[in-house]
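Annotated transmembrane segment per TrEMBL: A:6-27, A:39-59, A:71-93, A:114-132, A:152-171, A:183-210, A:239-257, A:277-295, A:367-387, A:399-420, A:427-449, A:469-491 (among others), in sequence order. The domain 'PAS' annotation in TrEMBL covers A:626-670. Residues or ranges marked as domain 'Histidine kinase' by TrEMBL: A:758-972.
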Amino acid sequence: MSVSLGGILALGAGYLAMVFLCALAVERGWVPPRLIRHPGVYSLSLGVYASAWAVYGSVELASRIGYGYLAYYLGVSGAFLLVPVMLVPIQRLARTYQLASLADLFAFRFRSRWVGTLITLITLLAILPLLALQLKTFGDAIHRLTGAGSPIMLALILCLPIALLAIMFGARHSHLPVRHDTLLAAIAVESLVKLAAMLALGGVALYGVFDGPNDLQQWLTGPGLDLQARVARLETGQWRTLLMLFFAAAFLMPHMFHMTFTETPSRRALLQTGWSFPLYLLLMALPVPLILWAAQRLGIDTSASGAAYLAFDISTSPWVDGLAFIAGLAAASGTLIIVALALAGMVLNHLVLVAHPPGNRPNLYRWLLWLRRGLIVAVILGAWLFYRTVGIKHDLADLGLTAFVGIAQCLPGLLAILYWPGANRKGMVCGLVAGSTLWLLGLWLPLVADYSPLVLVPPGLDWLRDEPPWYAVTLIALYANILIFILVSLVTRTSEGERAAAEACSVDAVIRPKRLPLTARTGEDFKPLLAEALGSEVAEREVESALAALNLSSRDGRPYALRRLRDRIQANLSGLMGPSVAQDIVDRFLPYQSRSQATDDIHFVESRLEAYRSRFTGLARELDGLRRHHRRTLARLPIGLCIFDDDGELLMWNEALSRLSAVDGESIIGSHRDDLPAPWAELLARMHDEPHAYLYKQAVALASELRYLTLHKAVLDPEEGDRGAVVILVEDHSELKWLEDELLHSERLASIGRLAAGVAHEIGNPITGISSLVQNLRYDTEDPQVLESAEQIQQLTQRVSRIVGSLVGFAHGGRHVQGTRFVPVELRRLSDEALHLIRLARSGEDIIYDNFCPPGLKVMGDAQRLLQVLINLIGNARDASAPGSRVTLDASAREEWVLLSVTDEGHGIDESIRDRLFEPFTTTKPPGEGTGLGLPLVYSILREHHGDIQISSPPPDQTFGTRITLWLPRTLQDDSNADEPDSDR
Amino acid sequence: MYIYRIMLFLVFGGYLLSPQLMSGWVEPGAAWYRPFLIWGGLIALSVWLEQKRKLDER
């Protein structure tokens, strides 16, 4: 006895304190969250599977059946290699419906609270031997190390800190499915410690007892060969049965279900366990035979009853004893904590709450929390009592195998949940009761009551009488279970509720969830309804929590949204009180409208298909690809498209329609047509009721402006069991409408223009007459005043002739009169004349005109046409100017160009029409005052002169007004006679 | 999904053939670490399939 009792208890207390501090560090945020949520930490936490059986029981088993001990590790490794096929579907179910235990899953699938109760009872009976095994190893290990103390009392001492740790880090919330980072981290640390301790023990055996791997191999093929030959070999059937038992334990054991499905940080982390957890188990299994062989090498009798604790004998060092003790303590404490948590939840949801529904009680959350904590303590004390009365008398293998065979009775039911939608409650219960009864009679009761196993061997299987009881009971119980399950399921009727749940659970079922409208109209209505069951405070909190999780508004009245809200509330209540109670509450207080006809929930089906996309193969994958292609085509169609179901529920609102309406499809899909935002509800209802298949150019006031929409409708009649639908296409014809209006306007103006040209032609004749008469008058008088008047009349008649000529020219395609010769034109004289003519007009008399054009600056051009340009521009400037403001003309030379500018201080040009100024009929003047032909004419003339025009409004050196700058080709040629603006053409 | 089928095939195939494997492990003269080597190989295969699955589902 190398270690004192006080010392070993201090070591144990120190270890548990270290685990507590690690968990505390995580809770206080001293450890980076990224590290806690790393998939590796989750994989380590699954090491809770490696209980005290893995540390002590495996050595005992290896001493009896050699490599057969590996079944414990290989069975569960096989289950984790099938993570994507088996564990991910269960995890998805557990997460979606907030199912925290095997009993929750069974109660949800088979739609019966009694099924949950039955599973809880069987799990409770099955797990007690396993819990007793953990306590037994602790008490026995200390007793073996120290020779002092009673193993039973030592085990009781362990119960206290275990219960405290379980409550502190696993029962902080009333919702069981809430992830506990602290718990996850604590269990991961425990797994790491036991792995390190086991590897260290293996190292001691390999290099302390043997002289390395080669020495071990030589011993095995030499002196150790006889010892190995004496070890019994497992028969093929027994080996396979063991593998199957441990395979089932991977997801049926309450602690494994809890860690694998409730504490999963992400799907990615779960998928990674497919190789990381088997690797962990490989490392845990590796030292087991090394310890056994080392003990054999040292001459220790490994066939004696204490073979489980051989690790304490391979060295005389207290450090090695301490390592073996810590490995066992880490394994036992982790399993005890998680099993206690999981079982407490199961007992609460499926025994306590079923017997005493919570009702409308104040402080419901607190009541549930304390109930759960009390149950954790009760489970641990129950385990101790079982150990004290039963476990103390049996070895580890008997206790462990009884537990694993018992829990395996749930395997047929679980496989049916995933792969057999036809299974029903009656079949499952009959099979489970039959299998469990055979197990109780064959293994559990003999353990408790200490009598010979009662193995009921059916006729024809007499060979089983000679087999070990665990093997015979496993085969008979499971065969009976499966056979009865299948037969009863086939001959009895499955309820609608079960069928729906089976579809939700089944991996390959054709999921066609039905939808019914709820009696509640909005999310807000849920609160008073639920308050009847839960009290107003809890109801408010649950509804708000579900709304927040779904990112919905409490005023959202979409049937689809309300159904999702109801499902979410049911799932959340399931996490709080178990699926049975949760279903009772929502069925009673959040009912569907009873007179409505159930229809397929296509939107939900689509979201499910999207979620399961990666799992399709072959034809299903092809079909899904085709579905996605068609959906994408509709979604990205450049024309607005919406689809309504027969009952007016919106199924699709594509991207083009979202852009046109400025309403996001996600926010309204699932709404009824009448609940759509204005003006869509009224417009689409009108289209729906319209006998014709179209509505042409409907004026619709959208947020920004008036738009003209054309709607087309296609009614899809129901066929082959599929429901009908109404497809509506929405085309925006606003541009087309505006173009049509513009065309009509232009046509009207063109008619006026043709009329004006005709009138102008008619005016030409009298003007010619006036011109001739003025010529005569000039010859007939010498009165200077009369001569000046005659001169001015002559100029004006010439101008009228030019205007008439230009108007006719514009009417004939905007070309000026042919035959004009470009000559040097002096801008100063040209601008003076333009101003002179402008001043003759009565309007604009109070405008100040400044002409800063320098004399001598010339351009090449047609003086008449350029004069017309200037008159137009100055006239525009005058019309835009307020009385008393200035209109300035200026000119300057720049290389081969002359820049002539007309600047006013008027109201400027509106930006919206600036780009269209040179288009005909564009005007800034009030209706009736401008034709919109002036600037197009100016532009046309400038293009004839190879010049350009530039508009600044306002000019850079002014805060208002407009400056129009003409770029004209400069000439240096001096031809003073050629630039006479009044020259006749 | 094809990878899932490979895994199913591996696990159930291994389950059926495991007695034969086990009899090989305990042959006199066999290396003591042989079962762990086979197990390690299976884990390596699982890692490879996991990488393939990620690529397949990307």
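Even glycines carry a Cβ here, placed using N, Cα and C.
Counting residues per DSSP class in helix, strand and coil order gives 21 helix, 11 strand, 13 coil for the domain 'PAS' (A:626-670). Long-range contacts of the transmembrane segment (A:399-420) within the same chain: residues 53, 57, 86, 89-90, 102, 105-106, 109, 119, 122-123, 125-130, 132-133, 136, 244-246, 248-249, 251-253, 391, 428, 431-432, 435-436, 439, 443-444, 447, 470, 473-474, 477-478, 481-482, 485, 489, 502, 505-508, each at least 6 residues beyond the stretch ends and with a Cβ under 8 Å from a Cβ of the stretch.
Same-chain residues lying 6+ beyond the ends of the transmembrane segment (A:367-387) with a Cβ under 8 Å from its Cβ atoms: 128-129, 131-132, 134-136, 139, 152, 155-156, 159, 162-163, 166-167, 170-171, 173-174, 176, 336, 339-341, 343-345, 347-348, 352, 358, 361, 576-577.
Distant neighbours of the transmembrane segment (A:469-491): 237-238, 241, 245, 401-402, 405, 408-409, 411-413, 416, 420, 422-424, 426-428, 430-432, 434-436, 438-439, 442-443, 446, 453, 455-458, 461; these residues of the same chain sit at least 6 beyond its ends, with a Cβ under 8 Å from one of its Cβ atoms. If you count C-beta pairs under 8 angstroms between the transmembrane segment (A:71-93) and each of A:6-27, A:39-59, A:183-210, A:239-257, A:277-295, the highest count goes to A:239-257. Across A:6-27, A:39-59, A:114-132, stretch A:6-27 shows the highest tally of CB pairs under 8 A with the transmembrane segment (A:152-171). The transmembrane segment (A:239-257) makes no contact with the transmembrane segment (A:6-27): fewer than 3 of their CB pairs lie within 8 A, with pairs spaced 6 or more apart in sequence. Through the fold, the domain 'PAS' (A:626-670) approaches residues 558-561, 599, 602-603, 606, 609, 676-677, 680, 684, 688, 702-703, 707, 718, 723-732 of its own chain, all at least 6 residues removed from its boundaries and within a Cβ separation under 8 Å. Listed as Cβ neighbours of the transmembrane segment (A:6-27) (distance under 8 Å, sequence separation of 6 or more from its ends, same chain) are residues 36, 142, 145-146, 157-158, 161, 165, 168-169, 181-183, 185-186, 189-190, 193, 322, 325-326, 329-330, 333. Below 8 angstroms of C-beta separation, residues 69, 72-73, 76, 130, 133-134, 136-138, 141, 184-185, 187-188, 190-192, 194-195, 198, 249-250, 253, 255-256, 259-260, 263-266, 268-270, 272-273, 276-277, 280-281, 284-285, 288, 291-292, 307-311, 324, 327-328, 331-332, 334-335, 338, 396-397, 400 of the same chain, each at least six residues beyond the ends of the transmembrane segment (A:39-59), sit close to that stretch.
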